[in-house]
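> Here you go, one structure.
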């Protein structure tokens, strides 16, 4: 079972990384074009308005996580009737949530955007126009959650990857048309993002209806399952709310205290962070279905192994790219962007430090979801994270600079990591001592020594080389260090075997091409 699961996991990770590399490149270029076409002010306006809409989506995040958990749990038990019931109930619930968010956004949300956000008076009408389409795009995203969860629960990562690539390509095509349209660029951007969301949604629905019998919609209501889903998602919602507060809430505070230019800088930092975090999220996305299925099947040894290994892999993957970016942030942003917003470099560096700390937590969060006993875990962890918003407000009100928001975020993420470990131990039987000695200490030691060595290498050896060559050397060297000292002998042997197989295949293709 383990070998079969590992092979499927590796294949799914391959699909997701192919998706990631393509979409990351397209998305980063798209951001460059959007910033150039809209300008810093309109760029900041769009993202603070769209970000406010996204802030209403803590319900979406909670229900998405719960839907994924219950679908995977039913599949792990091979209970197809429960899979069908869970999917249909999730469709009903997400429809109600979409309606609720539409009403709240177009009443309370509209008034907040119009009266509280710092938006230049001559761009307020355009900002409100964009707000309406951002709300509609978000409603579509909510309605798509059950379909996305079904694809991931069935581990159809190839389909998920190709549709995501199409989504990124359509967004780039939409952005490239902005300068050729006779309409206002900000308004046009909002409309085009809605059109892209609608196209992608239709593709997901069409695929699921053709491939999965449970995806055919019919009216179905299961009161017991409804209560179970809502009980689980209610506590997950508490955790999601803390994430929203530390992200979009801080974005709004930056806007209120410092204006839209700082929103542009934070948006750039967030996009860089999201691009690098996608390495971790893709791996975690491939791990989650197996982790939840193994837990529901009673294979707790495999569940624990996935949790420990996933934490280590997440750390090494994020630092593989984050360390070079930390050391060359200025140069990378200058190449990427036509003009670099003030504070963007510092925001990127601080956000990456937080992402590195947070990377090891993802498997712990997934295991807590798998158990279903999330009340105490979510209440405590989210309670720590919710301190972020009031602390940032006090800091800004007291005259501290914009970067203080990121220092507060880093401190709370470090505290939350330890709280997660101890809260998880109350609902899942694992050794905290073993987790610290086999995951946290090796990662911290190897990471600290490596980043110091890379900094010295940059200062005294690589400074005269081209930037791209310097970055490639750092990635390769750190990769060798991780393989030599960061993974087990069995994992090292697995990497060598897979690498040898790929190289042999490339060699065969070259010989075949020459022979022809």
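For all residues, glycine too, the Cβ spot is worked out from N, Cα and C.
TrEMBL feature annotations, pasted as is:
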{"type": "TRANSMEM", "residues": "12-31", "note": "transmembrane segment"}
{"type": "TRANSMEM", "residues": "43-65", "note": "transmembrane segment"}
{"type": "TRANSMEM", "residues": "86-108", "note": "transmembrane segment"}
{"type": "TRANSMEM", "residues": "128-147", "note": "transmembrane segment"}
{"type": "TRANSMEM", "residues": "159-183", "note": "transmembrane segment"}
{"type": "TRANSMEM", "residues": "189-208", "note": "transmembrane segment"}
{"type": "TRANSMEM", "residues": "313-329", "note": "transmembrane segment"}
{"type": "TRANSMEM", "residues": "335-356", "note": "transmembrane segment"}
{"type": "TRANSMEM", "residues": "376-393", "note": "transmembrane segment"}
{"type": "TRANSMEM", "residues": "405-423", "note": "transmembrane segment"}
{"type": "TRANSMEM", "residues": "435-456", "note": "transmembrane segment"}
{"type": "TRANSMEM", "residues": "468-488", "note": "transmembrane segment"}
> Please work out which recorded stretch in 12-31, 128-147, 468-488 has the most C-beta pairs separated by under 8 angstroms from the transmembrane segment (159-183)?
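Going through each listed stretch, the top one turns out to be 12-31.
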> Under an 8 Å Cβ to Cβ limit, what residues of the same chain, 6 or more beyond the ends of the transmembrane segment (468-488), are close to it?
312, 316, 319-321, 323-324, 327-328, 442-443, 446, 450, 454, 457-458, 462, 495
> Looking at the stretches 12-31, 128-147, 435-456, which one shares the most CB pairs under 8 Å with the transmembrane segment (86-108)?
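Result: 128-147.
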> Under a criterion of three or more Cβ pairs within a distance under 8 Å and sequence separation of at least 6, are the transmembrane segment (435-456) and the transmembrane segment (313-329) in contact?
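As far as Cβ distances go (cut-off 8 Å, pairs 6 or more apart), the transmembrane segment (435-456) and the transmembrane segment (313-329) touch.
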> Are there residues at least six beyond either end of the transmembrane segment (12-31) with Cβ under 8 Å to its Cβ atoms? List them, or say none.
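Apart from its flanks, the transmembrane segment (12-31) reaches 155, 157-158, 160-162, 164-165, 167-169, 171-172, 175, 268, 271, 275, 278-279, 282-283, 285-286, 336.
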> Should anything in the same chain at least six residues away from the transmembrane segment (405-423) have a Cβ under 8 Å from its Cβ atoms, list it; otherwise answer none.
246, 250, 253-254, 346-347, 350-351, 353-354, 357-358, 360-361, 364-365, 368, 376-377, 380-381, 384-385, 387-388, 391-392, 395-396, 432, 435-436
> So what's near the transmembrane segment (376-393) in sequence-distant terms, Cβ-Cβ under 8 Å and 6+ beyond its ends?
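Distant Cβ neighbours of the transmembrane segment (376-393) are 235-236, 238-239, 241-243, 245-246, 249-250, 253, 368, 404-405, 408-409, 412-413, 415-416, 419-420, 423-424, 426-427.
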